[in-house]
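To start, I am sharing the structure in question, which I have written as C-alpha cells.
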Amino acid sequence: MVASGGYHQAIHFISCNTCASNEGFRNFLVTSSYGGLKMKPVLRKGSCNLGHSVKCIGHSPNSSLCAIKPIFSSLSSTKDSRRSAPESYLILIRHGESMWNEKNLFTGCVDVPLTNKGVEEAIEAGKRIRHLPIDVVYISALIRSQMTAMLALTEHHCKKVPIIIHNETEQAKLWSQIYSEGTEMQSVPVIKAWQLNERMYGELQGYNKQETAERCGKEQVYKWRRSYDAQPPNGESLEMCLRRAVTYFKEQVEPQLSGGKNVMVVAHANSLRSILMYLDKLTAEEVIHLELSTGVPMLYIYKGNQFIRRGSPLGSMEAGVYAYTESLALYKQNLLDEVSL
C-alpha cells in the first residue's frame, strides 16, 4: 500500500541473530501506527534454506505469521482494516500518445506502443500524482496502457515497485509468487483487465481517420466515433464498450474504493469515457461530446458511496483535460467552482 505523507502501518521482521543453525531463533514483529513503534518477540523455527517451509511456535495454523501469503492477498479480503476509512482516491489516466495516435489511425484493440511524446506524457502524469496515495493499479491488456502506468509509477515518491499480477493459470500464480513479506510490502499490485481495453473499432482499425472521412463521409465517421449506439463495421459501439468497462469497474474497482483502498486506473479514451459517464451521471448525449487528453490524470474522491470530481492534480482543470462542447459549458463551470472551494 502506498501512502501520502506516511504509512498507516508498516511491518518488518528484524532478525536478532544469524541463521547459523536450524534451532529456534528470535525475530521481532515491529509495527508502526501513526508514529508509534511497538516491538513484539516472535519465536520461529526453521531453516536458512528458503526452499524449506517455515514453522511457527505458539500461533494457530491460521495465523498470517505461520503461512506464506498469496501475492497481495489483501486485494480480495472483505475484512480490510481500512474499510472504515472516510474517503479514498480514484485516479484515472488515459494512456500517453501512441504511435498510431501520432499517425491519426483508428487503433482500437490493436496493441500499439507509445511514442516518445507519449513516454514524456506518462512521466509527467506520474509527477502530478507522485504525492497521492496509491494502493492498487488497474490497467488494460494493451501495451500503451501498461507503459503509461509503469512510467507514471516510477515518479511516485514512495518508490515502491509495480508488480503485474498473473492469475491466468494456477501455474502463472505459482511462478509469479512473492515469498518475502518485506518485498511484498514494498510493491504495488497492478491488475490487468481486458475489459478496460479500448473500444474495438472493427474494420476501421489501421485506417487513417481523415482518409476514411473523405471516403465514407465526415458525418458517417463522426457517427461511428462519437455516437452512443452506432457500431463501426464489425466493431463495438460506445454502449457495448460501456457495458464491459463499467461492469468491471463496479464489480472489481469500486469494492476496493469502498474498502478504503486508493486506486489508479490507466485505460483508454472510450473505456474511460464509459466510466466517466457512470461516475458523473452523464447522459448519452453528454458523453458523446466528452474528450479526454492523453496522459493527464483526473482525480476523484470516493466518500459515502459518492464520487466527487477534483479535476487534475497539481493544477486547475485546464482545457482538454475533461473537455466539453459549448452546450456543456455550464456543467463544466459548476465542476470548476466545486474544485475551487
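Cβ from N, Cα, C; glycine included.
According to TrEMBL:
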- 94-101, 107-108, Arg144, 198-201, Lys209, 225-226: substrate binding site (BINDING)
- His95: active site, tele-phosphohistidine intermediate (ACT_SITE)
- Glu198: active site, proton donor/acceptor (ACT_SITE)
- His268: site 'Transition state stabilizer' (SITE)
Among the recorded positions listed here (His95, Glu198, His268), which has the Cα closest to the Cα of Gly108 (substrate binding site)?
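Answer for the nearest of the recorded positions: Glu198.
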If you skip the near sequence neighbours and keep only those at least six away, which residues in the chain come within under 8 angstroms of Trp100 (substrate binding site), Cβ to Cβ?
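In sequence order, Phe106, Thr107, Val110, Val112 meet the Cβ cut-off.
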If you measure from the CA of His268 (site 'Transition state stabilizer') out to 10 Å, which recorded positions from the list Arg94, His95, Glu198, Lys209 are inside that radius?
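If one measures from the Cα of His268 (site 'Transition state stabilizer'), the recorded positions that come within 10 Å are Arg94, His95, Glu198.
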With every protein chain in view, how many other Cβ atoms are within 10 Å of the Cβ of the residue listed as 'active site, proton donor/acceptor'?
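The Cβ of the residue listed as 'active site, proton donor/acceptor' has 28 Cβ neighbours within 10 Å.
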Write out the long-range same-chain contacts of Arg94 (substrate binding site), meaning residues 6 or more apart in sequence whose Cβ is under 8 Å from its Cβ.
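Spatial neighbours, sequence-distant, of Arg94 (substrate binding site): Val266, Ala267, His268, Ala269, Leu272, Leu292, Ser293, Thr294, Gly295, Val296.
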Here are some recorded positions: His95, His268. Which one has the most Cβ atoms within 10 Å of its Cβ?
His95
Across all chains shown, how many C-beta atoms besides its own are within 10 angstroms of the C-beta of Arg199 (substrate binding site)?
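Arg199 (substrate binding site): 27 neighbouring Cβ atoms within 10 Å.
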